[in-house]
Every structure is written in structure tokens, then in C-alpha cells.
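Enquirer: Encoded as C-alpha cells, here's the structure I'll be asking about.
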Amino acid sequence: MATRGLLLASWALLGALVLQAEARPAPYGVKLCGREFIRAVIFTCGGSRWRRADILAHDPLGEFFADGEANTDHLASELDEAVGSSEWLALTKSPQVFYGGRSSWQGSPGVVRGSRDVLAGLSSSCCEWGCSKSQISSLC
């Protein structure tokens, strides 16, 4: 009789553990492959920006630029300073100069390829195991 009670208690404990495991969320989010992954990235990264752009398109611009005429001389002098600075010159250099003088993109891994590798790594792991919204938002 004691063995039956022990067996019944172990089955009840095992059942409770199974129910608890089913109620727990998965360690990763949703499995997203291919287009679904790209759509999730676009929705996560671009959604709020698109909504902001839509809101700004419907607002009258007069509110934002009411005192714009008073600041034109100040802005012109700031623009002249910016054009003369070394930062502006760095931004206007050709890609070959920026990437070390190599003439082809294939020869220079640079930042572009590094971010592409991160995207490919997250894409494959998200497809295979699943990923959360916070992992997807790390690409923004």
C-alpha cells in the first residue's frame, strides 16, 4: 500500500512539473525565417519612425517655423563653419579613400560586411531556435 501511495505521489509531482513547464514561456521568442524575419525587423525598427513621419506630414508647418526668419544669419554662419571643418571633408571623401584605397567592395570587409554578418547570424539563429523582440531590436 505504501508503494502505491509513493507511486501516486510521484505521478502527481511529475504531472505538476509537466504543467508548470508548459505554462512557462519558451526561452526564445518566435521562430522567424526568411520574409517573416525581414518583416519583423522592419516592423520593429521602422514602425515608430514611419508613424512619426505620418504625424509630421499632417501638422501645419507654420507652428514649427514661426521664428525661422530671425535665425537665418546664425544658421548661415554655422553652415560655413561646418563646411570648413574636417568632419565635413571626411564625409565627402570617396568610398575608396574611406575604406583604405581599395578599389572593390569585396576586398574590404569594413563595417558594412560586419553588420551584414551580424544580421545573417541572428537571422539563422532566429529561424532555427527563435528570437525575442529585444534581439530583433538590437539590429535597429
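Heads up, residue numbers simply count up from 1 along the chain you see.
A Cβ is built for glycine as well, from the same backbone N, Cα and C atoms used for every other residue.
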Enquirer: State the disulphide partner of Cys131 as given in Swiss-Prot, choosing from Cys126, Cys140.
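Expert: It is Cys126, per the disulfide annotation in Swiss-Prot.
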Enquirer: Among all the protein chains here, how many other CB atoms are within 10 A of the CB of Cys131 (disulfide bond)?
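Expert: Other Cβ atoms found within 10 Å: 21.
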Enquirer: Let's check the environment of Cys126 (disulfide bond): how many other CB atoms sit within 10 Å of its CB?
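Expert: The answer is 23 other Cβ atoms.
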